[in-house]
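J.: Below is one structure. I have some questions about it.
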């Protein structure tokens, strides 16, 4: 990439470093990155810190996260805000707010079933990092790349997969019927690693689609067709999560979360590249 070539677009939609002919094939909506404003300079970084700090403090105050979760979320939020600006942060905020609310839904019933999130539903630092590490890497790579469209799509897919996986777990655990193991469809107790349910799966599809839609609306995805690719990739990530949980139950929640988001990001990036090259 030549010096001075813009990585992101501003309000006027300057070049995003992708050849015009490929962009026209892929887009039916504003160019990817049209809503992206990277953060540069001391004042702008201070803005990222202030916005993220207020959000983390509110999340802690409202019982969404623990102190460690607030600290971990702050680090994640600053990195994403600095790399992708308010557009990237809005996708992250969607996940954090909705996932936290759904964790509280039916909490007493989940507690009686021994599947409730510990700490009265407050998410900790390990949860924040496991769910968002891949997304942070994608965001930082997008900020440093001359062709970030595939990477911003990967970022949205990673967040979407984490969101969908959380929704599937939190709502699926409330289902009247027992879930089934993804590998054998055998009926298993709620909370079993690798277990899936129809209500949870449908909710996960909705969460993946919602995240992709927001990503397209804020300019991180180049078209609504691209949003479909991202939504499918995000949902596929949850299937990877369930499969790993069923096959390797001792893998642990954090590792399966990383594999879930990593597979979603990889599939989304590959899908966007294929569509651009078509």
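Each residue, glycine too, has its Cβ placed from N, Cα and C.
Predicted automatically and left uncurated, TrEMBL annotations should be read as such.
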J.: Under TrEMBL, which of the candidate ranges 20-37, 110-127, 128-145 is annotated transmembrane segment?
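T.: It is 128-145 that TrEMBL annotates as transmembrane segment.
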J.: Any chance you could find the range in 89-107, 128-145, 196-218, 255-277 with the most Cβ pairs under 8 Å to the transmembrane segment (224-248)?
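T.: Result: 255-277.
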J.: Counting only residues 6 or more past its boundaries, what in the same chain has a CB within less than 8 Å of a CB in the transmembrane segment (255-277)?
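T.: Tertiary neighbours of the transmembrane segment (255-277) are 18, 22-23, 25-26, 127, 130-135, 138, 149-151, 153-162, 165, 193, 222, 225-226, 229-230, 232-234, 236-238, 240-241, 244-245.
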